[in-house]
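What TrEMBL lists as region 'Disordered' is 1-64. The compositional bias 'Basic and acidic residues' annotation in TrEMBL covers 1-39, 47-64. For 5-57, the entry in TrEMBL reads domain 'CsbD-like'.
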Amino acid sequence: MGSKDKIRNKAQELKGRAKENVGEATGDRRMQSEGRSDQTKGGLKQAGEKVKDAGKKVKDTFKK
């Protein structure tokens with residue numbers, strides 16, 4: 001996973017946490033939901049990048 005992707009995905013996750021917390025503090029259920037959604041998206045993107053990296057490692061192992 002590239003550094004830019006890691007930073008972008010982590011930023012999305014952190015943005016989601018912030019949104020969720022603001023939503024909880026203000027009683028805005030929609031913002032809470034959006035925050036949880038952003039966190040999930042960021043986490044899934046990170047997981048996808050890790051799977052992609054693992055696949056590349058396996059592929060490189062068999063090339064040798």
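Heads up, the Cβ atoms here are built off N, Cα and C, so glycines get one too.
Annotations in TrEMBL come from automatic prediction, not curation.
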> Looking only at the domain 'CsbD-like' (5-57), what is the mean pLDDT?
Replying inline: 94
> With DSSP, how much of the compositional bias 'Basic and acidic residues' (47-64) is helix, how much strand and how much coil, in residues?
Replying inline: 17 helix, 0 strand, 1 coil
